[in-house]
2 protein chains.
Amino acid sequence: MKVSKFGGSSLADGHQLQCVFDIIKADDTRKVIVVSAPGKRFKDDTKVTDLLLTYAKATIEDTDATDIIETIKDRYHAIGNHFDLPAYELADIDEQIDHLARKHYRSFDYLFAAFAAHGEYLNAQLIAKVFTHLGVPARFVDPKEIGLRVDDNARSATFDTKSYNTIAELDLSTSERLIVPGFFGYTENGDIATFSRGGSDITGAIMARGLSADLYENFTDVSAIYAVNPSIIENPAAIKQMTYDEMRELSYAGFAVFHDEAIIPAIQGGIRINIKNTNDPEAPGTFIVPPTEVQQTRPVTGIANSNRFSALYLHRYLLNKEVGFTLRILEILKKHNISYEHMPSGIDDLTIIFDKTLLTQEQVDGMLEDIAATIKPDTLKWLPSYGIIMVVGEGMRNRIGALTDIVTPLKEHGISLQMVNQGASEISIMLGIQPDLAERAVKAIYDNIFKMV
Amino acid sequence: MKVSKFGGSSLADGHQLQCVFDIIKADDTRKVIVVSAPGKRFKDDTKVTDLLLTYAKATIEDTDATDIIETIKDRYHAIGNHFDLPAYELADIDEQIDHLARKHYRSFDYLFAAFAAHGEYLNAQLIAKVFTHLGVPARFVDPKEIGLRVDDNARSATFDTKSYNTIAELDLSTSERLIVPGFFGYTENGDIATFSRGGSDITGAIMARGLSADLYENFTDVSAIYAVNPSIIENPAAIKQMTYDEMRELSYAGFAVFHDEAIIPAIQGGIRINIKNTNDPEAPGTFIVPPTEVQQTRPVTGIANSNRFSALYLHRYLLNKEVGFTLRILEILKKHNISYEHMPSGIDDLTIIFDKTLLTQEQVDGMLEDIAATIKPDTLKWLPSYGIIMVVGEGMRNRIGALTDIVTPLKEHGISLQMVNQGASEISIMLGIQPDLAERAVKAIYDNIFKMV
């Protein structure tokens, strides 16, 4: 049995959904289908999730939402009409869209979560109707029905692993395909809470593990995961297979193909993952598998880069003589509800690296003010934009000289680094770099390593 | 005016003290002399400080201390007798040694501190007597007299910078040389508290800054600081001059010539330091100066290595998603009164590096137990011995490719690294390595970099 998850671009319109239908129909073992909300149909299109968030805002502000509601309905209608779905089936979807604004929510956060989740919630219902209509019986499965429980973090929820027991009870002996909306679960109080954006991958992984699937297929719009971003290197090497940990490190540093939290249930359940292309389903795609299944041939599997970081640099003599020095800094971070990513230190220096997408200017200002007042550093610098490159490969475990192959081409190209962090993870080397140099650096490293092989 | 500090090996016996006397006599501007306790006269000799610690232990345990007391007295007698010092002058020293065991102490820690400090305390008195006897008038200056105040940390005290005001009042217009014992100060309660071992360097630096000396001479038993440990490389390059920050980084990682905390008062006061050899006083030695005074000619100034570290490795999925994760670890460290040195992190991994000389097995066991119980990591490893190599040079600031010159020779020699940390400090690169590979690695890096120039 396979769990097959389809992303927003694979479900953007009727034409795409036809491809999905063909894929499902072709293989009876594709039993559980996890779906995203309809994504972009063209470059400047708006995703249904974003339309729903605009609708949510209008609801809170009590402004006229007629236009946005129509736009949302049109998206679902266009898909339904592509398959000549009867009008009453679409009326049921419309009714739920209208009803969203009239429900009671525990807080604005839960309101936003519920509106956003309806992108998937309604799409899963619609897809079940379409498939049945096309002659492949399908049933919508509400995450509530299978006890998909999450914590109280309304818009960045964490999955409760106890739910695996209830998910495992789902009856798979039926001839119906089971259509599960991705991206959200229910809190103990029965409210909808969503994972972070892109979180349908997480639902897919949870279902695959809960049901002990033989394979978790993750359908998207690329035929493989490439060793480097194709916008930097033309026709880069495709990755045929990699380990869970490699995928996790690459996702973290910018490989957006697969959500970095979605790997955890797969690791824990030993579920093999196959990234595939909805528009090229015959291509083998990329397999993400346990380390024992991989025959490594190259030292480096992939090179990722991301500019989503900021950094704080702090200097004070004798800073690490003091027991509890970093503790005081972390207490300041906690006070402002700031999470940090990495904290490389020298003798008298400390650099703290943050994910800037998780920070507001207010948090940054408050943190810097408190650090200046409490810690009294000699130097305190804030770098609003900080690039990170991650060179990842199981082949680097214990491999002597991996770092040489990375820094030598940078020297040759006159590119300087702000930070090098090797050693905490055995399968990756992390480089800190000025964001405007990152792409040149990735290119230099790629050319050196992938030409060597 | 110069402050001249002499280490224990320069004061080990009468012959050495004669050299010190000649150095002082030769230059009238050597006005303030800071002295250590008598050190080792030969390889297997015992330092007077260690004899005093044995005496302290006997006092606490109330066991017979007659022999150890005689041994201590003999050391001072041997020096006095070398210069035919009158017997009554030595009787005064003897009386203070006997009296040590009869005084009241606030705690065992303060008892140990007071006994240890008497190595310097008595030696400074003896040296003032000897110099005066030899025709160079000298006066013993008790740190109490000049208000050299420290905090309550009995055996690893931190200096109170308010004392600079009282030190500045010391009358230098006298024709006498002023002999100041190193290593200790007085707490607010009037108790003796010592700096960490080797702390006479700190007293010298404090005196030089408090008195705005033109130069702080630090006499020891080497004619220069070398770019690398001479036990690893034969006839290594001597460092003619380096910056404060370079010295600080090198001291931290094993260059024992100069105490790493002693550099701070010099930095803050802009005091130039000259490391010189008591047995080769004409040699220029090594100057440690503000960065503006250095004309840099090489990319790397020195390479230090130290095996005094331990490391903890911890892996748990999603560990850095959680605000306050590291905070909980640091709270555990604080509970066990453990200070850490560095904390490089990956996505799901954290390595914490400790100075093992500051840890007891009991602390380690308690910490590991609490981390296992509270954090529940997937993996928790303790590496009792962890080597650190520090490659230091102002020339590395913004220099592209510094890392390449370090890691390439390691690759050629087949030496693998456990950790690389570049970036928190701009003038150094820190490498983590298996202790048994450290010397080979230092040799490979030295040969590559110092042959290139």
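Glycine is no exception: its Cβ is also placed from the backbone N, Cα and C atoms.
Record features (TrEMBL):
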BINDING   A:Thr220, A:Asp221, A:Tyr226  ATP binding site
DOMAIN    A:391-453  domain 'ACT'
>> Name them in sequence order: residues not among A:Thr220, A:Asp221, A:Tyr226 whose Cβ is within 8 Å of the mean position of the Cβ atoms defining the ATP site.
In response: A:Val222, A:Ser223, A:Ala224, A:Ile225, A:Val257, A:Ile275, A:Asn277
>> Same chain only, sequence gap of 6 or more: which residues have a CB within under 8 Å of the CB of A:Asp221 (ATP binding site)?
In response: A:Gly7, A:Ser9, A:Ser10, A:Asn277, A:Thr278, A:Asn279
> Counting all other Cβ atoms within 10 Å across every protein chain shown, which of the binding-site residues A:Thr220, A:Tyr226 scores highest?
Replying inline: A:Thr220
> In the domain 'ACT' (A:391-453), how many residues does DSSP assign to helix, to strand and to coil?
Replying inline: 32 helix, 12 strand, 19 coil
> Where does the mean pLDDT land for the domain 'ACT' (A:391-453)?
Replying inline: 87
